[in-house]
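As recorded in Swiss-Prot, the features of this protein are as follows:
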| type | residues | note |
| --- | --- | --- |
| SIGNAL | 1-23 | signal peptide |
| DOMAIN | 24-104 | domain 'Chorismate mutase' |
| BINDING | Arg40, Lys51, Asp60, Glu64, Gln100 | substrate binding site |
Amino acid sequence: MRPSFASWGLLALLLLQGPLLQAQPLSPALQQLLSLSSQRLQLADQVAQSKAQSGKAVQDSPREEQQLQMLAGQAGSHGVGAEQVRLLFAAQIEANKLVQYRLLSRPLPDAGQAVDLERIRSRLNQLNLELLRGYAPALAELRVDDCRPRLNQALQRQVRVDRLDELHAIALSRAAGDLCHWAEL
């Protein structure tokens, strides 16, 4: 069977667009921010296990607000606005809860010994500080005309690098989905 003119035309169109679709330059600060966000999301599995063991609720509004206020208070020393920081970390928290709720909606395997939530929170605090440090450089990379394609490419790359499953890939997208908007604030 010979290819039709239409199939050759489609192939040519894809080949011509391919380089344009791949032309987004690598954004190292953005990629680092997404890597940190991904690491933060992967801790949600342990948090969910801890909450399953303890019976604690996923929603912890007082702690969330405390964290948001503390991080927003550090915004100026990291070259970003307090509102930008609140938006970033509110999205991080929501993405983390998305993972927790999904994992808790099905029986979790027995972890054996109790999960140390304080150790996990300590790691989350460390990642939060690293996210805060990397936020201004990432926003600077996103203040371009092609922000959305650049962000999408970086998200796809992070999903591949970290071999994220569908749940964590969706959560990462949720955690970073509004970065282009936040860069303009």
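The backbone N, Cα and C atoms fix where each Cβ goes, glycine too.
In this structure the residues listed as binding substrate are Arg40, Lys51, Asp60, Glu64, Gln100; their two most distant Cα atoms lie 17 Å apart.
Less than 8 angstroms from the CB of Gln100 (substrate binding site) sit Ala44, Val47, Ala48, Lys51, Val58, each of them six or more residues away in the same chain. Its Cβ taken as reference, Lys51 (substrate binding site) is surrounded by 19 other Cβ atoms within 10 Å in the chains shown. Across the domain 'Chorismate mutase' (24-104), DSSP helix (H, G, I), strand (E, B) and coil residues number 65 helix, 0 strand, 16 coil. Around Asp60 (substrate binding site), a 10 Å sphere centred on its CB holds 14 further CB atoms from the protein chains shown. The Cβ of Glu64 (substrate binding site) has 16 other Cβ atoms within 10 Å, all protein chains considered.
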